[in-house]
Amino acid sequence: MFKVYKKEIEVAGKKISLETGKVARQADGAIIASCGETVILATVVGAKKVNPDMDYFPLSVNYQEKYYAGGKIPGGYFKREARPTESEQLISRLIDRPIRPLFPSEFKNEVQLLPTVISYDKDNQPDILAITASSAALAISGMPFMGPVGASRVGLVDGKYILNPSKAELENSTLDLVVAGTKDAVLMVESETSGLTEEVMLDAVKFGHEGFVPVIEMIEELAKECRKPEWTVEKKDLSEVKKKLEENFTEDLTKAFATIDKQDRSNQISEISDKAKQLFADDENYSDFNVNDELKNLEKKIVRTDILKNKKRIDGRGLADVRAIECEVGVLPRTHGSALFTRGETQAIVVTTLGTSDDEQRLESLDGQHRERFMLHYNFPPFSVGETGRIGTGRREVGHGKLAWRAINSSLPPKEEFPYTFRIVSEITESNGSSSMASVCGASLALMDAGVPIKEPVAGIAMGLIKEGDDFSVLSDILGDEDHLGDMDFKVAGTKDGITSLQMDIKITGITFEIMEQALKQAKEGRIHILGEMNKALSESRADVGEHTPKMEQITVDKKDIAAVIGKGGATIREIVEKSGAKLDVNDEGVVTVAAPDEESRNIAMQMIKDITAKAELNKIYSGKVMKIMEFGAFVNFLGKQDGLVHISELATKRVEKVTDIVKEGDEVKVKVIGFDRGKVKLSMKQAAE
């Protein structure tokens, strides 16, 4: 019934297998990929007809993790997998980015790629396996895919690179890097580090590339045995369109791309586009899409030639020049920390809000439930590029936010030193390239403005590349048009000492490690320059948090005292909250976190906790409250939880006939500790008064 094809290989001591022919046989390509007990089903289907109204390649990648894969039932009221989580969206992008450039530009059929986690062992992470499975599904589908691609994760533990580390190994790693590409070239890099040098990062990319070449060879062997017939892709002859556009619009486009202002340049190009369409309006052989495609090719030729031959960029800068930078902090009066970062025509208002552990984000995944202390949200409204459009969070916003998150994360202080929860929001108010890196710079400034003791300021820069044959130019701080018309988008963020985050997307094959080395070197120079400009606004964190920030402090109590702090049925902790106005959180290790609206509230709560957990000291005088009257003396509560006996002979210097002659229940009194008897405290009011 089934004609099954299967290939296996061992990579980094783990067996990876690819199988096809048994499941999802009506898809154009279907692969069951497994590593350990983690299993991915990747399917791909392409529309058999081209949509004539499509002027782009409609590839959709939807990665999904099924809860049953880890033996779980989804939480919440509806027991079904809901909309994609942030993690699923990020992995979908991770799969899409190395695959998309490997389809020919004339291929416009709709393609849907669905990698699904159907078994998960909590040790072998599914994202790398999902890229492998997706690549294999495309390789056997017959579609015009110029792959296959492979992928690796690289860790760094004790100075040694680890290929495809387990989840446990990754927890001890100073590097989490994902690299994907073909046998000959790297196409995508995504990483988070603790601040590593350019040399270490480049070697990690090389190590990862070498690691996935055997996987690509396995996919190629599988495809030789079971690849479906190749799809035919019609390539329309547009030489006549190209010729007429060059004759009529080369001069106009050259002038347009010499215009520095983005909006003016965009308006000029739009007018040229309208004229170009009008030129072919009566020719039924060519659609507006055909004209648009060739006009874009002409734009690309003009800009790229100017950069390669004349070393001249669109806005007149040199190849390594960074646009003018303006930084301001404290721009919003009621926020905890804020910054306005402007670099050329790219601008971000970035705001830091500090909260308590109650504000941590609760996440559910195949690994279980966990809490996230640091959140960074990136918003890209259409007005930032002078357009109208949809408002909301898409994959692009999620991806840019996570990139900035990775850049900042390693510089944040640990919870033990600074017990706040962080939420950073980057509002992009203008955009002409590199808005995610503007978010990194603004986030660093906003954190320092909020009084967060970050380890080092962080800055980011986006690099570009123009390459024709062996001739290439690396561009620093690219514009939107340079990104669109160039061959590489290479974002690097870090401190003055090292890289904290790196993201690279390459649109062509043949990018050498020499080019990557040049880009990293140039990026470091740009990053140091940007940090210098940021330091002019604020060079270090403010000494304390702002006026409107919750005042937080932590105190560690003996585990034996946790019950005393909480009290019977929570009575004591409720009393502290009522009297101080602060919020309290007590964990199992005895760490008590106090969050208060102001200093006075925090001080009251802290003093009450100290009183409750303090130990009685011999000969020390305390304030107390008479709790019970007996014939032989009075029991007094002091230090919040401690009881002691004042014997009738220790009530006063004179002889006392009745205890009630001196005190009654509820009286506030001063007492001195005069001894201990089998764990009981002996007190004296008489000696306290002397």
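Here the Cβ of each residue, glycine as well, is placed from N, Cα and C on the backbone.
Copied from Swiss-Prot, the annotated features are:
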- Asp483, Asp489: Mg(2+) binding site (BINDING)
- 550-609: domain 'KH' (DOMAIN)
- 619-686: domain 'S1 motif' (DOMAIN)
Candidate with the highest Cβ count within 10 Å, taken from the binding-site residues Asp483, Asp489: Asp489
Three-class DSSP secondary structure - Asp489 (Mg(2+) binding site): strand
Residue distribution over DSSP helix, strand and coil in the domain 'KH' (550-609): 32 helix, 16 strand, 12 coil
Helix, strand and coil counts within the domain 'S1 motif' (619-686) (DSSP): 8 helix, 37 strand, 23 coil
Mapped DSSP class for Asp483 (Mg(2+) binding site), helix or strand or coil: helix
